[in-house]
Every structure is written in structure tokens, then in C-alpha cells.
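Quick look at what TrEMBL annotates:
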type	residues	note
TRANSMEM	A:6-28	transmembrane segment
TRANSMEM	A:35-54	transmembrane segment
TRANSMEM	A:60-85	transmembrane segment
TRANSMEM	A:97-115	transmembrane segment
TRANSMEM	A:135-161	transmembrane segment
TRANSMEM	A:194-214	transmembrane segment
TRANSMEM	A:226-250	transmembrane segment
TRANSMEM	A:257-278	transmembrane segment
Amino acid sequence: MSSTLVQLVLTGLLQGLLYSLIGLGLYLVFSVMRVVNFAHGYLVLIGMYGVLVLDPQNLLDYAVALVIVAVLAAGVGYAVERFLIEPGLDKGGHSQLVITLSLGIVFQYTFQVLFPDPFQTIANPWPWDAVTSGGVTISVPRIAAGVISLVLGLAVSWLVYRTRAGKIMRACSESLSGALHVGVHVPRTYRTTFVLGAALAAVAGGLLLPIQPVSPLLGLELTVKAFIVVVIGGSGALWGTVVAGVLLGLAEAVGSLYAPGSLATSLVYALFFLVILLRPQGIVSSVRTA
Amino acid sequence: MGPALEVAGLTVRRGRSEVVREVDLVVGEGECVCLVGSNGAGKTSLIDGLLGVLPTRAERLEFHGEDIAGTPPWERVRRGLVVVPQERELFPGLSVLDNLELGGVALSRGKARAGTLDDVLALFPRLAERRAQPAGTLSGGERSMLAVGRGLMAQPRMLVLDEPSLGLAPMVVTTIMAAIAEVNAAGTTVLLVEQNVHQAFALADRAYVLEHGAVVGSGPTAELAGSDLMQHGFLGSAAHGTVVDT
């Protein structure tokens, strides 16, 4: 393999891990609450703009900034779930679609008013700029974002599959009626899930900022990417989302090799059309018997 | 000490229609009462109303003397009113053991007892054999056992079973009914909803007959068994609307 290709694959892999982390929040909310959160990408923007405002000058400041945006997004997530999504959940219909879509638009215009300058970023908070080996150069913020995303992904997986709280979340996901019959406090579980998803999204945003400048329109793009990751990953298991995220990152990176700029992006989406047509249930489908 | 469950004038709505109307129902502590009625009589809706997953209106809805009207289902389960639903509502992708553990989720950590799981596995040895298997791969009988077992994990003061024998082979029905009898004998109040009158009447002290969402008869099972209502009322349609004076 040429060093260009190695570089692209590594870059794509690291970017993909970040997409996985963004997708995980959406996946959790969708599978536990059956809510399609069209505002998810804007929760990522809360993380990006939050870190932008805090403007960390060193690694410690950056770590603190990530924690702050996680807490901030968790608070926003709680309010959104409690006061906008929860009231419509047992009413049937599709109120949450309208609510999360509208919420995304509200977020977008709010960010546009607060941050009129597009494509803002921060200085590299890491003490090193890049790692170079054999003609392959990868920036340290990118490596860090990928590695931290992977660690957080593993932590979420541990939470979902190994803890009591995770078992309750899976119970709600498997059968809402079953959860009610065993006495799960369903609204509390929903709030926890949504808060967790929002916090993960914000941390992902904070990790993304040193790699990619932020602008208000990025929210929609990230929402779409998170959707692709969740749909391609399938509803069966969390690791499907992680694999799909990595695939998206790789497809974008390698696609850029064969097609220029925005054409590459459209090729990626065309490719996912194909995947969905061939395997509509996603990578990992749910195991269900009649 | 008062009754375990005391219901007066209970109306349950499903969507816009009142599927259960003005039902009075009393279950004494430690008693085994059964609720019979033909398909569509409103038995499951009545149970859903008791658990609080369907909207209700009632003059009185008391569990062990405490008003539970308007409380959410998790609050009722925590107080010991546990329903084993007709559709089982298991967690198909989770193991048998996880399903059982989730049964005790409403209990505060202090109240949860390690022995409960052993008791349930002793009651249904089949579940012990299948403990690591996903619930979705179980047979119909095993699913029913798991549903009952999961209900018992909540350490119910009153166990409400909605057609636990529905669609099961006679051998399995016997196993389930024996388990219910054992649970009742150990002091747990039981409300058994059944279409299978013979099995239910063998187990229960008293019965209520539900028809078109209303109680049309009630009394000791020994008396009801020979009545016109049981002979013709809901088994056939000849004596439609007959009310037995008990």
C-alpha cells in the first residue's frame, strides 16, 4: 500500500471512531425510547461551541472544557427530554419527530445568532502536533479523538451490558410493556438515557473541534451522519453502531482519494444507499422469534 | 386486617371506549380468586387497569388499605401488586437469568433477597436448565414459566395472572397450576384470570364472572360451577345476560 492510502485509511479509521461515538448517543435514545432525535447533531454542536467559548490553552484546560460541555449538554438533554419529548411519548402519533426537528432548527438559528463567524476552531490543545512515520503523518488531535472515542464507546458498552442500569435500559428497549410489568420507572430510565446520549454527543463535539472547524450548519450534517451510522449498524447490538461509524469514516477518507471534494461526499451517501438496499436490517439485526 | 385488593365502581378505558364498566371486586389477603369470562369480556383490560397501564376511574381502588388510584405502574409493583401478563411480555434478547433479575427491579436494594431466585428456580427447574438462554428461544411452556417466575421475583403480596395456561399443552398447564397453588399456599394472594374454567375453579376459592365489561356473577367456585351462568352464560350464548344471585 502506498503511504497515501495508509494515511487515508488511518485518518478514516480515527474519524470513524468519532462518528461511532456520535452515533452511539442516537442509537441509545432510539433503541431505548424509540425516539428519533433529529436534533442530535446540534447536541454535538453544543460541545463544539462550548469548547470554542472556553478556548482551552493547554491539555488540562481542554480536559476540563470537555467535562463542562458534557455537563452542559446533559442539562440541556434533561430539559429537552423532560419538558418536550416526555409529554408526547404516551400520546401516540409522531409528536417527537416534529419536536426534535423544530428543536434542531431552533438550535441552528441560535448558534447562527450567537456565533455569526463561520468555521471557527481552537488551537491544538495537545502538546504535540503530529506523529510521522514512514511518510505517514497523522495529527495528534485526530489520534486523541479516535482513541478517546473508542474508550468511551467501550465504557458505554460496559454500562449497557454489565450494569444494572444498562439491564434496565435494555429491558425498555426489548419490551416497553415488559418493563412496565416488572415495575421499571420508565420515565426515569428515559431521562437517564437521553442525558447520557446528549453528554456523549457533546464530548464528541469537543473532540471534533480541533480537527474540524465549527459552523451552525454542521449540526444537520452530523445528524445525518449519526443516522447513517445507526441505520447501517442495525438495531441488534451496540457494536453494530461502532462498526458502522468506522465504515463511514473509512468510506469518506478513501472516497476523497478517487473523487474530488463534495463529489466524494455524495459518493459516500450513494454507497450507503447501496448498503441499505442490500441489507436493510443493518449490520446487526435484532434476534426475534415469533 | 382488610382485604388485599378492594375495587369499587372501576371503569377502564381503552382508547375512547369504556371496556370495563363499574366493576366491584374484592380479594381477601391470602385468597385465591379467579376471574372468568369469554374472549373479549374485558378481563385483560380490567387487569391493565389494576396495574395502571390503562386509564381508569374508580370510586375505590385500594391495595392493602392504601389508595392506589392514579399511581403509576412501577409504584404499584413496588407495593407488591404484580401482574403476569397474558402476552408474557418477556425480554426476548435477554437471558432467562436476566429476565428473572429484572423481575426484582422494583424492589429497593435492601428488600431484595438472594433466596428469591433460588425459590423460583426450585419452583421451575426447567428455567434453571435454560438460565443462560435468550428468553426468545424458549418454548411456549417455558415462556409461561418464566413470566410467572419473573413475577415472583418482585416478591408480590398479590400475584395477578392473566391466562397463564393459554395455548399450552395439558402437561405444562398442570405444572403451571401446581406452581400457582404452591405460591398461594405460601401466603401470596392470587387473582387468576382464566378461560379454562375447570383448571381455575379447582384452584380458586371464589370467582367473578365478567361479561361485556361488567361483573355478571360472583361467588364461591363450588356454587358457581353448577349455576346456569356457568352452564350457559359465557360458555354458550343461550342464557346471555343471566345474572345469578349468589
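Cβ atoms are placed via backbone N, Cα and C, with glycine included.
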**Asked** Taking 3+ C-beta pairs under 8 angstroms (sequence gap of 6 or more) as contact, is the transmembrane segment (A:226-250) in contact with the transmembrane segment (A:194-214)?
**Response** no
**Message:** Can you work out whether the transmembrane segment (A:6-28) touches the transmembrane segment (A:194-214), with the criterion being 3+ CB pairs under 8 Å where the paired residues are 6 or more apart along the chain?
**Reply:** yes
**Asked** Which residues of the same chain, at least 6 past either end of the transmembrane segment (A:194-214), have a Cβ under 8 Å from a Cβ in it?
**Response** 15, 18, 21-22, 24-26, 28-29, 33, 35, 37, 40-41, 43-52, 62, 65-66, 69-74, 76-78, 80-81, 85, 115, 118-126, 139, 141-142, 144-145, 148-149, 152, 156, 159
**Prompt:** Residues sitting near the transmembrane segment (A:135-161): Cβ under 8 Å, six or more positions beyond its termini, same chain?
**Reply:** 3, 6-7, 10-11, 13-18, 20-21, 24, 28, 124-126, 128-129, 169-170, 196, 200, 203-204, 207-208, 210-211, 238-239, 242
